[in-house]
Amino acid sequence: MTDFAATRAQFHIPEDVIYLDGNSLGPLPRTAEARVAAAVREEWGEMLIGGWNRAGWIEMPRILGDRIGTLIGAEPGSVVLGDTVSIKIYQALAAALEMRPDRRVVLSDRGNFPTDLYMAQGLIASLGRGHTLRMVAPEEVEAAIDEDVAVVLLTEVDYRTGRLHDMARLTARAQAAGALTIWDLAHSAGALPVDLAGAGADFAAGCTYKYLNAGPGAPAYIYVAPRHSDRALPALSGWFGHAAPFAFEPGYRPGVGIDRMRIGTPPVLQMAVVEAALGVWEGVSLADVRQRSIQLSDLFIAEVESRCPQLTLLTPRDPSRRGSQVSFGFSEGYAAIQALIARGVVGDFRAPDIMRFGITPLYIGEEELMRAALILQDVMENRLWDEPAYRFRAAVT
Ligand SMILES: *Cc1c(COP(=O)(O)O)cnc(C)c1O
(Lines of atoms letter the chains of each structure in order from A and count residues from 1; the text may use other names and numbers.)
(Lines give C-alpha, C1' and ligand atoms only; values in the text may rest on other atoms or scores of the structure.)
Protein backbone atom coordinates (compact mmCIF):
# COMPACT_ATOMS: atom_id res chain seq x y z
CA MET A 1 0.00 0.00 0.00
CA THR A 2 1.37 3.42 -0.92
CA ASP A 3 2.31 5.54 2.09
CA PHE A 4 0.73 8.91 1.29
CA ALA A 5 2.04 10.53 4.47
CA ALA A 6 5.52 9.69 3.20
CA THR A 7 4.90 11.10 -0.29
CA ARG A 8 3.46 14.26 1.21
CA ALA A 9 6.59 14.78 3.30
CA GLN A 10 8.57 14.86 0.06
CA PHE A 11 6.99 18.13 -1.08
CA HIS A 12 7.49 21.69 -0.02
CA ILE A 13 4.10 23.39 0.19
CA PRO A 14 3.95 26.91 1.65
CA GLU A 15 2.38 27.13 5.07
CA ASP A 16 -1.31 28.07 5.18
CA VAL A 17 -1.83 27.04 1.57
CA ILE A 18 -4.22 24.32 0.45
CA TYR A 19 -2.85 23.57 -2.98
CA LEU A 20 -5.51 22.33 -5.37
CA ASP A 21 -3.71 23.38 -8.54
CA GLY A 22 -1.24 20.51 -8.99
CA ASN A 23 -3.06 19.71 -12.22
CA SER A 24 -1.65 22.96 -13.60
CA LEU A 25 1.74 23.23 -11.87
CA GLY A 26 2.86 20.62 -9.36
CA PRO A 27 4.58 21.79 -6.13
CA LEU A 28 8.31 21.60 -5.42
CA PRO A 29 9.68 18.14 -4.57
CA ARG A 30 12.13 18.70 -1.70
CA THR A 31 14.97 16.80 -3.38
CA ALA A 32 14.81 19.03 -6.45
CA GLU A 33 16.69 21.93 -4.87
CA ALA A 34 19.76 19.84 -4.01
CA ARG A 35 19.63 18.01 -7.33
CA VAL A 36 19.58 21.28 -9.29
CA ALA A 37 22.31 22.77 -7.10
CA ALA A 38 24.46 19.70 -7.83
CA ALA A 39 23.76 19.96 -11.56
CA VAL A 40 24.77 23.62 -11.46
CA ARG A 41 27.88 23.38 -9.26
CA GLU A 42 29.25 19.90 -9.75
CA GLU A 43 28.19 19.26 -13.31
CA TRP A 44 28.05 22.55 -15.20
CA GLY A 45 30.42 24.35 -12.79
CA GLU A 46 33.16 21.74 -12.63
CA MET A 47 32.74 19.63 -15.74
CA LEU A 48 31.86 22.45 -18.13
CA ILE A 49 31.24 21.01 -21.57
CA GLY A 50 32.47 17.61 -20.37
CA GLY A 51 29.12 17.26 -18.58
CA TRP A 52 27.49 16.10 -21.81
CA ASN A 53 29.40 12.83 -21.52
CA ARG A 54 30.59 12.66 -17.90
CA ALA A 55 27.29 13.65 -16.28
CA GLY A 56 25.29 11.86 -18.98
CA TRP A 57 23.36 14.95 -20.06
CA ILE A 58 23.13 13.60 -23.60
CA GLU A 59 21.36 10.43 -22.44
CA MET A 60 18.96 12.09 -20.02
CA PRO A 61 16.02 12.56 -22.43
CA ARG A 62 15.98 8.81 -23.07
CA ILE A 63 16.65 7.64 -19.51
CA LEU A 64 14.03 9.95 -18.03
CA GLY A 65 11.72 9.09 -20.92
CA ASP A 66 11.88 5.43 -19.88
CA ARG A 67 11.10 6.33 -16.29
CA ILE A 68 8.05 8.30 -17.39
CA GLY A 69 7.23 5.35 -19.62
CA THR A 70 6.71 3.17 -16.56
CA LEU A 71 3.98 5.59 -15.38
CA ILE A 72 2.10 5.53 -18.69
CA GLY A 73 2.39 1.89 -19.68
CA ALA A 74 4.90 2.49 -22.46
CA GLU A 75 7.36 -0.09 -23.74
CA PRO A 76 11.04 0.53 -22.84
CA GLY A 77 12.71 2.76 -25.44
CA SER A 78 9.45 4.30 -26.68
CA VAL A 79 9.43 7.65 -24.82
CA VAL A 80 11.80 10.59 -25.09
CA LEU A 81 11.81 13.96 -23.34
CA GLY A 82 12.07 17.37 -24.96
CA ASP A 83 10.47 20.62 -26.06
CA THR A 84 6.83 21.33 -25.23
CA VAL A 85 3.59 19.39 -25.65
CA SER A 86 2.64 21.71 -28.50
CA ILE A 87 5.79 20.75 -30.39
CA LYS A 88 5.49 17.06 -29.58
CA ILE A 89 1.86 17.04 -30.78
CA TYR A 90 2.98 18.72 -33.99
CA GLN A 91 5.65 16.08 -34.55
CA ALA A 92 3.29 13.21 -33.80
CA LEU A 93 0.58 14.62 -36.07
CA ALA A 94 3.01 15.30 -38.91
CA ALA A 95 4.36 11.76 -38.66
CA ALA A 96 0.90 10.23 -38.47
CA LEU A 97 -0.49 12.19 -41.45
CA GLU A 98 2.50 11.11 -43.48
CA MET A 99 1.67 7.48 -42.62
CA ARG A 100 -1.90 7.89 -43.93
CA PRO A 101 -1.23 9.78 -47.19
CA ASP A 102 -4.62 9.00 -48.75
CA ARG A 103 -6.72 10.41 -45.95
CA ARG A 104 -7.48 14.06 -45.24
CA VAL A 105 -9.27 14.34 -41.90
CA VAL A 106 -7.87 14.99 -38.44
CA LEU A 107 -10.60 14.21 -35.92
CA SER A 108 -10.64 15.87 -32.51
CA ASP A 109 -13.19 17.06 -29.99
CA ARG A 110 -14.23 20.56 -29.01
CA GLY A 111 -13.14 19.97 -25.44
CA ASN A 112 -9.55 19.41 -26.54
CA PHE A 113 -6.90 21.74 -25.19
CA PRO A 114 -6.63 24.61 -27.69
CA THR A 115 -2.89 24.26 -28.31
CA ASP A 116 -3.44 20.80 -29.79
CA LEU A 117 -6.07 22.22 -32.13
CA TYR A 118 -3.93 25.26 -32.99
CA MET A 119 -0.93 23.07 -33.81
CA ALA A 120 -3.12 20.90 -36.02
CA GLN A 121 -4.45 24.00 -37.81
CA GLY A 122 -0.92 25.33 -38.35
CA LEU A 123 0.39 22.01 -39.62
CA ILE A 124 -2.57 21.59 -41.99
CA ALA A 125 -1.97 25.09 -43.37
CA SER A 126 1.71 24.47 -44.01
CA LEU A 127 1.12 21.07 -45.58
CA GLY A 128 -1.32 22.70 -48.02
CA ARG A 129 -2.72 19.33 -49.05
CA GLY A 130 -6.36 19.91 -48.23
CA HIS A 131 -6.53 18.33 -44.79
CA THR A 132 -9.33 19.39 -42.49
CA LEU A 133 -9.67 19.42 -38.74
CA ARG A 134 -13.03 17.90 -37.84
CA MET A 135 -14.16 18.85 -34.34
CA VAL A 136 -17.12 17.16 -32.70
CA ALA A 137 -18.54 17.03 -29.18
CA PRO A 138 -16.53 14.70 -26.92
CA GLU A 139 -19.32 12.15 -26.76
CA GLU A 140 -19.61 12.10 -30.55
CA VAL A 141 -16.00 11.16 -31.30
CA GLU A 142 -16.64 7.47 -31.66
CA ALA A 143 -19.47 7.91 -34.14
CA ALA A 144 -17.42 10.42 -36.16
CA ILE A 145 -14.61 7.96 -36.91
CA ASP A 146 -14.94 6.95 -40.54
CA GLU A 147 -12.77 5.92 -43.47
CA ASP A 148 -11.75 9.53 -44.21
CA VAL A 149 -10.10 9.96 -40.85
CA ALA A 150 -6.31 9.81 -40.92
CA VAL A 151 -5.70 10.63 -37.27
CA VAL A 152 -7.78 10.79 -34.11
CA LEU A 153 -6.17 13.46 -31.92
CA LEU A 154 -7.53 13.51 -28.37
CA THR A 155 -6.68 14.60 -24.86
CA GLU A 156 -7.58 11.73 -22.57
CA VAL A 157 -8.70 13.90 -19.63
CA ASP A 158 -10.52 17.13 -20.51
CA TYR A 159 -8.63 20.06 -18.97
CA ARG A 160 -11.85 21.88 -18.13
CA THR A 161 -14.35 19.27 -17.00
CA GLY A 162 -12.08 16.35 -16.13
CA ARG A 163 -14.10 14.02 -18.40
CA LEU A 164 -12.09 10.90 -19.25
CA HIS A 165 -12.11 9.38 -22.74
CA ASP A 166 -11.97 5.58 -23.04
CA MET A 167 -8.51 5.26 -24.57
CA ALA A 168 -8.61 1.53 -25.30
CA ARG A 169 -12.04 1.66 -26.90
CA LEU A 170 -11.45 4.73 -29.07
CA THR A 171 -8.03 3.48 -30.13
CA ALA A 172 -9.49 0.15 -31.21
CA ARG A 173 -12.32 1.91 -33.03
CA ALA A 174 -9.93 4.28 -34.82
CA GLN A 175 -7.60 1.50 -35.85
CA ALA A 176 -10.48 -0.66 -37.10
CA ALA A 177 -11.33 2.23 -39.43
CA GLY A 178 -7.71 2.46 -40.57
CA ALA A 179 -6.83 5.62 -38.61
CA LEU A 180 -3.98 6.34 -36.20
CA THR A 181 -4.36 7.77 -32.69
CA ILE A 182 -2.52 10.50 -30.82
CA TRP A 183 -3.22 10.84 -27.10
CA ASP A 184 -2.40 13.96 -25.11
CA LEU A 185 -1.67 12.79 -21.56
CA ALA A 186 -1.19 16.22 -19.95
CA HIS A 187 -3.87 15.50 -17.32
CA SER A 188 -3.38 11.74 -17.20
CA ALA A 189 0.27 10.98 -16.46
CA GLY A 190 0.68 10.79 -12.70
CA ALA A 191 -3.06 11.30 -12.20
CA LEU A 192 -4.34 7.83 -13.06
CA PRO A 193 -2.99 4.58 -14.48
CA VAL A 194 -2.38 4.84 -18.23
CA ASP A 195 -1.66 1.81 -20.39
CA LEU A 196 -0.45 3.01 -23.79
CA ALA A 197 0.89 -0.38 -24.86
CA GLY A 198 -2.20 -2.22 -23.61
CA ALA A 199 -4.48 0.19 -25.46
CA GLY A 200 -2.38 -0.13 -28.61
CA ALA A 201 -1.99 3.66 -28.86
CA ASP A 202 0.06 4.87 -31.82
CA PHE A 203 1.42 8.16 -30.49
CA ALA A 204 1.18 10.15 -27.26
CA ALA A 205 2.60 13.28 -25.70
CA GLY A 206 2.37 14.90 -22.31
CA CYS A 207 3.98 17.30 -19.90
CA THR A 208 6.04 16.87 -16.76
CA TYR A 209 5.11 20.01 -14.85
CA LYS A 210 1.53 19.10 -13.91
CA TYR A 211 0.93 15.83 -12.00
CA LEU A 212 4.62 14.91 -12.43
CA ASN A 213 5.80 17.98 -10.48
CA ALA A 214 8.93 18.83 -12.47
CA GLY A 215 8.53 22.62 -12.27
CA PRO A 216 7.66 25.54 -14.53
CA GLY A 217 9.03 25.08 -18.03
CA ALA A 218 9.86 21.40 -17.54
CA PRO A 219 10.13 19.54 -20.85
CA ALA A 220 7.39 17.48 -22.47
CA TYR A 221 7.69 13.90 -23.69
CA ILE A 222 6.57 11.98 -26.74
CA TYR A 223 5.65 8.33 -27.14
CA VAL A 224 5.81 6.47 -30.44
CA ALA A 225 4.64 2.84 -30.51
CA PRO A 226 7.67 0.63 -31.23
CA ARG A 227 5.95 -0.75 -34.35
CA HIS A 228 6.02 2.77 -35.85
CA SER A 229 9.20 4.26 -34.48
CA ASP A 230 11.45 3.45 -37.42
CA ARG A 231 8.82 4.60 -39.92
CA ALA A 232 7.52 7.75 -38.30
CA LEU A 233 9.20 10.86 -39.68
CA PRO A 234 9.72 13.54 -37.05
CA ALA A 235 8.95 16.54 -39.35
CA LEU A 236 11.05 18.82 -37.15
CA SER A 237 14.30 17.27 -38.26
CA GLY A 238 16.84 18.67 -35.86
CA TRP A 239 20.39 17.52 -35.30
CA PHE A 240 19.68 15.66 -32.03
CA GLY A 241 17.25 13.47 -33.97
CA HIS A 242 19.82 12.73 -36.67
CA ALA A 243 21.24 9.20 -36.91
CA ALA A 244 24.71 10.61 -36.19
CA PRO A 245 24.48 14.12 -34.70
CA PHE A 246 28.22 14.49 -34.31
CA ALA A 247 29.04 13.37 -37.83
CA PHE A 248 27.76 16.80 -38.90
CA GLU A 249 26.57 15.53 -42.25
CA PRO A 250 24.84 18.10 -44.46
CA GLY A 251 21.87 15.80 -45.14
CA TYR A 252 19.30 14.70 -42.58
CA ARG A 253 19.03 11.01 -41.78
CA PRO A 254 16.53 10.13 -39.03
CA GLY A 255 17.91 8.40 -35.96
CA VAL A 256 17.00 4.91 -34.85
CA GLY A 257 13.71 4.48 -32.99
CA ILE A 258 12.42 7.10 -30.61
CA ASP A 259 15.70 9.08 -30.76
CA ARG A 260 14.58 10.62 -34.04
CA MET A 261 11.91 12.57 -32.16
CA ARG A 262 14.59 14.60 -30.41
CA ILE A 263 15.16 17.99 -31.99
CA GLY A 264 17.86 20.14 -30.39
CA THR A 265 19.78 20.71 -27.17
CA PRO A 266 17.75 19.56 -24.16
CA PRO A 267 17.23 21.75 -21.04
CA VAL A 268 19.76 20.05 -18.76
CA LEU A 269 19.03 21.94 -15.54
CA GLN A 270 15.31 21.44 -15.86
CA MET A 271 15.86 17.75 -16.59
CA ALA A 272 17.65 17.55 -13.25
CA VAL A 273 14.34 18.62 -11.69
CA VAL A 274 12.49 15.97 -13.71
CA GLU A 275 14.90 13.39 -12.34
CA ALA A 276 14.34 14.49 -8.74
CA ALA A 277 10.56 14.73 -9.24
CA LEU A 278 10.35 11.19 -10.63
CA GLY A 279 12.06 9.96 -7.45
CA VAL A 280 8.82 10.69 -5.59
CA TRP A 281 7.10 7.90 -7.56
CA GLU A 282 9.34 5.17 -6.20
CA GLY A 283 7.20 2.87 -4.07
CA VAL A 284 4.02 4.56 -5.31
CA SER A 285 1.35 2.45 -6.97
CA LEU A 286 -0.76 4.31 -9.52
CA ALA A 287 -3.65 2.00 -8.67
CA ASP A 288 -3.47 3.30 -5.09
CA VAL A 289 -3.22 6.89 -6.36
CA ARG A 290 -6.30 6.32 -8.48
CA GLN A 291 -8.31 4.76 -5.66
CA ARG A 292 -7.42 7.58 -3.30
CA SER A 293 -8.05 10.24 -5.94
CA ILE A 294 -11.56 8.85 -6.44
CA GLN A 295 -12.22 8.82 -2.67
CA LEU A 296 -10.95 12.37 -2.26
CA SER A 297 -12.82 13.66 -5.30
CA ASP A 298 -16.08 12.07 -4.10
CA LEU A 299 -15.56 13.68 -0.72
CA PHE A 300 -14.86 17.11 -2.20
CA ILE A 301 -17.86 16.92 -4.54
CA ALA A 302 -20.17 15.92 -1.66
CA GLU A 303 -18.83 18.63 0.66
CA VAL A 304 -19.06 21.40 -1.94
CA GLU A 305 -22.46 20.38 -3.25
CA SER A 306 -23.97 20.31 0.21
CA ARG A 307 -22.45 23.67 1.16
CA CYS A 308 -22.55 25.68 -2.08
CA PRO A 309 -25.87 25.45 -3.95
CA GLN A 310 -24.66 28.32 -6.18
CA LEU A 311 -22.18 26.00 -7.94
CA THR A 312 -22.88 23.45 -10.69
CA LEU A 313 -20.79 20.30 -10.89
CA LEU A 314 -19.24 20.01 -14.37
CA THR A 315 -17.14 16.90 -13.72
CA PRO A 316 -18.74 13.50 -14.36
CA ARG A 317 -20.12 12.02 -11.16
CA ASP A 318 -19.18 8.52 -12.28
CA PRO A 319 -15.55 8.07 -11.15
CA SER A 320 -14.75 5.81 -14.09
CA ARG A 321 -15.54 8.70 -16.42
CA ARG A 322 -13.31 11.35 -14.90
CA GLY A 323 -9.64 12.08 -14.28
CA SER A 324 -8.28 13.63 -11.10
CA GLN A 325 -9.81 17.08 -10.96
CA VAL A 326 -13.16 18.49 -9.91
CA SER A 327 -14.72 21.47 -11.71
CA PHE A 328 -17.69 23.64 -10.90
CA GLY A 329 -19.45 26.21 -13.04
CA PHE A 330 -20.25 29.64 -11.59
CA SER A 331 -20.84 32.87 -13.53
CA GLU A 332 -18.45 34.81 -11.24
CA GLY A 333 -16.00 31.92 -11.15
CA TYR A 334 -12.96 34.07 -11.84
CA ALA A 335 -13.60 36.40 -8.89
CA ALA A 336 -14.54 33.44 -6.68
CA ILE A 337 -11.20 31.76 -7.41
CA GLN A 338 -9.34 35.00 -6.59
CA ALA A 339 -11.25 35.24 -3.31
CA LEU A 340 -10.30 31.64 -2.53
CA ILE A 341 -6.64 32.22 -3.35
CA ALA A 342 -6.63 35.25 -1.05
CA ARG A 343 -7.81 32.84 1.69
CA GLY A 344 -5.11 30.25 1.02
CA VAL A 345 -7.07 27.85 -1.19
CA VAL A 346 -5.35 27.70 -4.57
CA GLY A 347 -7.49 26.44 -7.42
CA ASP A 348 -7.73 27.97 -10.86
CA PHE A 349 -10.19 29.38 -13.36
CA ARG A 350 -10.79 28.39 -16.96
CA ALA A 351 -12.88 30.50 -19.31
CA PRO A 352 -15.74 31.04 -19.53
CA ASP A 353 -16.98 30.18 -16.01
CA ILE A 354 -15.10 27.17 -14.67
CA MET A 355 -13.61 26.81 -11.19
CA ARG A 356 -11.12 23.97 -11.26
CA PHE A 357 -9.62 21.98 -8.39
CA GLY A 358 -6.85 19.42 -8.85
CA ILE A 359 -6.98 16.36 -6.60
CA THR A 360 -3.46 15.08 -6.00
CA PRO A 361 -3.22 12.31 -3.38
CA LEU A 362 0.59 12.52 -3.20
CA TYR A 363 0.24 15.65 -1.07
CA ILE A 364 -3.47 16.40 -0.47
CA GLY A 365 -5.75 14.65 2.03
CA GLU A 366 -9.27 14.67 3.46
CA GLU A 367 -8.62 17.27 6.10
CA GLU A 368 -7.50 19.92 3.60
CA LEU A 369 -10.35 19.21 1.22
CA MET A 370 -12.89 19.62 4.02
CA ARG A 371 -11.26 22.89 5.05
CA ALA A 372 -11.22 24.08 1.43
CA ALA A 373 -14.94 23.29 1.13
CA LEU A 374 -15.68 25.35 4.27
CA ILE A 375 -13.71 28.32 2.94
CA LEU A 376 -15.52 27.99 -0.39
CA GLN A 377 -18.85 27.98 1.45
CA ASP A 378 -17.85 31.21 3.22
CA VAL A 379 -16.84 32.81 -0.11
CA MET A 380 -20.12 31.83 -1.76
CA GLU A 381 -22.57 32.37 1.08
CA ASN A 382 -21.19 35.79 2.01
CA ARG A 383 -20.42 36.87 -1.57
CA LEU A 384 -16.81 37.48 -0.59
CA TRP A 385 -15.94 37.26 -4.28
CA ASP A 386 -17.84 40.49 -4.94
CA GLU A 387 -14.84 42.84 -4.80
CA PRO A 388 -13.46 44.88 -7.72
CA ALA A 389 -9.92 43.62 -6.98
CA TYR A 390 -11.03 40.01 -7.60
CA ARG A 391 -12.30 40.89 -11.06
CA PHE A 392 -8.94 42.11 -12.33
CA ARG A 393 -7.66 39.51 -14.81
CA ALA A 394 -3.95 38.71 -14.57
CA ALA A 395 -2.07 37.49 -17.64
CA VAL A 396 -2.21 33.89 -16.42
CA THR A 397 -5.52 32.64 -15.02
C1 LIG B 1 -1.03 21.87 -20.21
C2 LIG B 1 -1.41 21.27 -21.50
C3 LIG B 1 -0.59 21.40 -22.63
C4 LIG B 1 0.64 22.26 -22.56
O5 LIG B 1 1.30 22.42 -23.76
P6 LIG B 1 2.73 23.11 -23.79
O7 LIG B 1 3.05 23.24 -25.21
O8 LIG B 1 3.67 22.19 -23.06
O9 LIG B 1 2.63 24.43 -23.10
C10 LIG B 1 -0.95 20.72 -23.78
N11 LIG B 1 -2.05 19.96 -23.83
C12 LIG B 1 -2.89 19.84 -22.77
C13 LIG B 1 -4.09 18.98 -22.85
C14 LIG B 1 -2.58 20.50 -21.58
O15 LIG B 1 -3.40 20.39 -20.55
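From the backbone N, Cα and C atoms, a Cβ is placed for every residue, glycine too.
The pyridoxal 5'-phosphate binding site annotation in TrEMBL covers S86, F113, P114, T115, D116, T155, D184, H187, Y209, W239, T265. As annotated by TrEMBL, N6-(pyridoxal phosphate)lysine applies to K210.
With a cut-off of 6 Å between Cβ and the nearest atom of ligand 1, the binding-site residues S86, P114, D184, Y209, T265 reduce to S86, D184. Neighbour counts of Cβ atoms within 10 Å were compared across the binding-site residues D116, D184; the minimum falls on D116. Around K210 (N6-(pyridoxal phosphate)lysine), taking its Cβ as the centre, 26 other Cβ atoms fall within 10 Å, counting all chains.
Cβ environment of T265 (pyridoxal 5'-phosphate binding site): F240 lie under 8 Å away, each six or more residues apart in the same chain.
Binding residues for pyridoxal 5'-phosphate (S86, F113, P114, T115, D116, T155, D184, H187, Y209, W239, T265) extend across at most 30 Å, taking the greatest CA-CA distance.
Between the CA atoms of the residue listed as 'N6-(pyridoxal phosphate)lysine' and D184 (pyridoxal 5'-phosphate binding site) there is a gap of 13 Å, rounded to the nearest whole number.
The Cβ of S86 (pyridoxal 5'-phosphate binding site) lies under 8 Å from the Cβ of T115, D116, Y118, M119, each on the same chain and at least six residues away in sequence. The Cβ of P114 (pyridoxal 5'-phosphate binding site) has 10 other Cβ atoms within 10 Å, all protein chains considered. In this view, Y209 (pyridoxal 5'-phosphate binding site) is surrounded by 23 other Cβ atoms within 10 Å of its Cβ, with every protein chain counted.
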